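Below: one structure, written as structure tokens.
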Amino acid sequence: MKWIEVQVTTTQEAEEAVTNIMHELGAGGVVIKNPNDVKLLAQSDNWDYLDSSLFEEEGNIKVFAYFPIASDTTDKINILKDRIVELKSFGIDIGNFDVKVSEVDEADWENNWKQYYKPLKIGKKIVIKPSWEEYVSQGEEIIIELDPGMAFGTGTHETTKMCLEFLEDIVMPESIVFDVGCGSGILSITSSKLGAKEVYAADIDEVSVEVARQNVELNNLQNVKVFKSDLLGEFRGKADIIVANIIADVIIRLSAEAPKYLKEEGLFLASGIIKSRKKEVMEKIQPFFEILQIKEEGEWCTILSRKK
């Protein structure tokens, strides 16, 4: 089967918005190629293996979308271009925006992204292992089996990496964890393997919910429940930890609601915040939470806070 590959060159800031537009237009798959992520991992002591072919020049990211050939494909591509340009009106920098279109075979793209995803060690003992890769654990390493599919969350993105580092320090044996906007389920699965008693993971996107469920099953976990929810809407009870790796606007919305779902002195781990909006997010969080620590990496920051 033939597919249309649409390659969009843009900025890291626009990455998530561009990806969302592609999914909304019916892309059969989306691949993000970010050479800056590879460089950051290479400079860190906390990585296991990166193939030499991944080291490319720094620069803008490339987002690839794959659409089945149909009568309306050209219209979809034009809409995609218009909507990406429109992002500028929302204050999102799209950089030297460029679009390239080509025709490819299904076999060429459906596994293409896997070459950029290798076993990765994060923090002191967390290892994210693609389900198709071989890896022998060493010492007390915790192996997270993952097949992200079309959902966000592989461990290579700065926001996910910082969340994992925080979780390694804050998850306790009796912890109840709420994962809001769970994506691939990577944070929920890690929380469980770090010893959490119960983990509840939700996403508004049905594809993410299904991918997360598959990854929970892949890791043979019984204490992680995955369901569809618009933010905290379908969660019940109270948690010791709420983790949300989303975007700044959603973190701001959550800041007033999260305390109702947290136990006394519960922790709120918020990520997906672009550095330029850190101050704004902090101002919205502080009426409800005491900020304990902030991590920064690349263009992103992650905030750990405690319920007042």
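Placed from the backbone N, Cα and C atoms, the Cβ positions cover glycine too.
Summarising the annotation, Swiss-Prot assigns S-adenosyl-L-methionine binding site to THR160, GLY181, ASP203, ASN245. ASP203 (S-adenosyl-L-methionine binding site) is surrounded by 27 other CB atoms, counting those within 10 A of its CB over all protein chains shown.
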Discussion item. Around the C-beta of GLY181 (S-adenosyl-L-methionine binding site), how many further C-beta atoms are within 10 angstroms, looking at every protein chain?
Written reply: 26
Discussion item. Fewest other C-beta atoms within 10 angstroms of its own C-beta: which of the binding-site residues THR160, ASN245 fits that?
Written reply: THR160
Worksheet entry | Binding residues THR160, GLY181, ASP203, ASN245 (S-adenosyl-L-methionine) - maximum C-alpha distance in whole Å | 16
